[in-house]
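Undergrad: Pasting in a structure now, in structure tokens, and then I'll have a few things to ask.
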Amino acid sequence: MMVGAGEEDNGRHDDQARIDVSDETAHQISTDPWYQVAFVLTTGINSAYVLGYSGSIMVPLGWVAGATGLLLAAAMSLYANILVARLHEVGGKRHIRYRDLSGYIYVFGVEIVECPIYFCRKAYYLTWALQYVNLFMINTGYIIMAGQALKATYVLYRDDGVLKLPYCIIIAGLVCAFFAFGIPHLSALGVWLGFSTFLSLIYIIVAFVLSLRDGINSPARDYSIPGSHTNKIFSFIGGAASLVFAYNTGMLPEIQATIRPPVIRNMEKALWFQFVLGGLPLYAVVFMGYWAYGSSTSTYLLNSVNGPSWLKATANIAAFLQTVIALHIFASPMYEFLDTKYGRGKGNAFSFYNLSFRVLVRGGYLTVSTFVAALLPFIGDFMSLTGALSTYPLTFVLANHMYLKIKKSKLSIPQKAWHWLNVIVFSGLAIAAAIAALRFIVIDSKTYHLFADL
């Protein structure tokens, strides 16, 4: 992979004692060590979503394409995220939001890059829209996942149909809201990241061990890709979109804003930790789940495993609680925007004004997310659509295009061709994946109806 000429100088701004921040913010920045940021990233990659990848990635792709795709997507995602991380201080200024970075490159920094102003402003606002659509859909998916974990716990003891999935989703939304009221900003998670890691280990180890036991005791499994020829094609495209969804946040500049200087070097350390060590639990549970159950694997793996009810309940509760923490990470850019633009009360974060503002604004945001989650509780479709509409454009298309614009005078012709190839290929994949995901949402909505109890 070509990173480009001049990239060996990526830390030249890191030696500065102080670098101006692009815009004021109501949240803390430059306070977290690199390993705390690494745990933030690892929390995302090993969230309860990992319990869905055996069914949403491996089932439609199969062993060869699924395993190869997971490894290739990890390599490409690491590469693209490093590109974005190295643009954090472009122009000698820290860009603490994705929209700030694109705004500098496409609007305010037009003297650096040749770009028609109309297109530049469109690109700036498109970045804004893509990011917040991305985060809204991720958060909606988290609420669906938390609701599924609650329902799975309930049916272990009372499978009477009284507590339906939409009710569980509402409960999950309420718990997420109360957590959001008490954690003012991303850096304040602190010890909660340790709890998140512990909770992740619980459901990953339980799912892995029970899947291993089931796989050993089960007859030969069917690993063929299910569905008609047309469905296989669309499922394959949707599964490919879920591959990139698994690794990427769509909010790297916002996470990088919290890290201590030298911000580029420290962010790269955090990214290598995420993709090398942080990805190991994901691979373990995804491959083991698919090996044990084949094409019948559920999109929520704990629904497929057999074992003691108390152990499965423990794993489900751990998945529910970890989802609450993970959602707060992905909601933090929206919270930061609202707090900075409309809140910014003086004094302590838990003053009456600041607390009441969070209750009103964050509560409203999570109410909308919870409603959409209950309305369309199709977690696999949400993964695919999020990957198509926002993860592909934000992580791959925009990262390569921005890097090309800033560094093009230092890039060789093959390096320029490499970045343009990424822009074109991932743009095409985004369009194809969006069509496939929307098709499945329409089909599932007709099959299961709105507010379905899956």
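Each Cβ is built from the backbone N, Cα and C atoms, and glycine gets one as well.
Taken from TrEMBL, the feature domain 'Amino acid transporter transmembrane' covers 33-438. For 57-80, 125-144, 165-183, 189-212, 270-293, 313-338, 359-379, 385-406, 418-442, the entry in TrEMBL reads transmembrane segment.
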Undergrad: Select the range from 125-144, 165-183, 270-293, 313-338, 385-406 that forms the most Cβ-Cβ pairs under 8 Å with the transmembrane segment (359-379).
TA: 165-183
Undergrad: Let me spell it out: take the transmembrane segment (313-338), skip the flanking residues so only those 6+ beyond its ends count, and list any with a Cβ under 8 Å from a Cβ in it.
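TA: Distal contacts: 25-27, 40, 43-44, 47-48, 51, 97-98, 131-132, 135-136, 138-139, 142-143, 145-146, 149-150, 152-153, 156-157, 172, 175-176, 179-180, 183, 185-186, 189, 192-193, 195-196, 199-200, 202-203, 206-207, 249, 251, 254, 302, 358, 361-362, 365-366.
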Undergrad: Based on Cβ pairs under 8 Å, which of the stretches 57-80, 125-144, 189-212 lies most in contact with the transmembrane segment (165-183)?
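TA: The stretch with the most close Cβ contacts to the transmembrane segment (165-183) is 125-144.
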Undergrad: In the same chain, which residue numbers or ranges, 6 or more beyond the ends of the transmembrane segment (125-144), come under 8 angstroms Cβ to Cβ?
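TA: Residues 47-49, 98-99, 102-103, 106, 169, 172-173, 176, 250-251, 323, 326-327, 330-331, 333-334, 366, 369-370, 372-373, 377-379, 382-383, 385-386, 389-391, 393-394, 398.
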